[in-house]
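Peer 1: Below you will find the structure I want to go over with you.
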Amino acid sequence: MMLISNFVSDLNFFDIMDVAEGSGWWWFSRLTAGLFVAVAGVAAFLASRKGNTHQVLYRSLRLVGCAYAITLVTWLAIPQAFVRFGVLHLLALAGLVALLMRGRTWLALPVGTACLLLPWLTLSGGEWLGLRGYDYVTVDYFPLKPWLGVFLLAYFAGSYTYAESQPRLPYEWPAALLWLGRHTLPIYLLHQPVIMGMLLLANTVSTGELLP
């Protein structure tokens, strides 16, 4: 779903396809983003339960590095719409917040709910911290409202679903999906350059010009 959603988003960004707000593809993109962040929230609980604090902190700091690498690359490639606070920035910050709740997972419920319900807190330059609405051009933006709330509520749900050594839901995931889940970060980092490269190549071959 993530690959399809980002492919459609790229088509929309390059004006190859119009994805209007409220359209089917727009809702598909929101659903995909919600599932992606929610799964990350559950995974954060599992990581905090199994690993020590240093391991969890290392994972979050690694995400910080990857996130700002994306900021740099997009600033060089598409300065008019580069990423300030994309999904990896969100997950890095959310992971650090979840780390503070380790052993007190119940806190994720009220804090997550507050992130969903509280009004926008817009600061000058707030897009760098996820504290701005969707009112500027960027190829990837995941503000704290509502996405930190989605992450924390999923973190809380994970603490209930996986309270024991085995999940309370009697279901086994297919091996292929488990493999994708374990390699989400490299897949995410690699798929966008591949998709955008294919679009640029296809347009160059068909028109002799690069996409704007």
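Along the chain as shown, the residues are counted starting at 1.
For all residues, glycine too, the Cβ spot is worked out from N, Cα and C.
Curation plays no part in TrEMBL annotations; they are all automatic predictions.
According to TrEMBL, the protein carries these features:
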type	residues	note
DOMAIN	1-193	domain 'Heparan-alpha-glucosaminide N-acetyltransferase catalytic'
TRANSMEM	25-48	transmembrane segment
TRANSMEM	60-78	transmembrane segment
TRANSMEM	84-100	transmembrane segment
TRANSMEM	107-126	transmembrane segment
TRANSMEM	146-163	transmembrane segment
Peer 1: When each of 25-48, 60-78, 84-100, 146-163 is checked against the transmembrane segment (107-126) for Cβ pairs under 8 Å, which one has the most?
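Peer 2: Comparing 25-48, 60-78, 84-100, 146-163 against the transmembrane segment (107-126), the winner is 146-163.
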Peer 1: For the domain 'Heparan-alpha-glucosaminide N-acetyltransferase catalytic' (1-193), provide the mean pLDDT of the predicted model.
Peer 2: 81
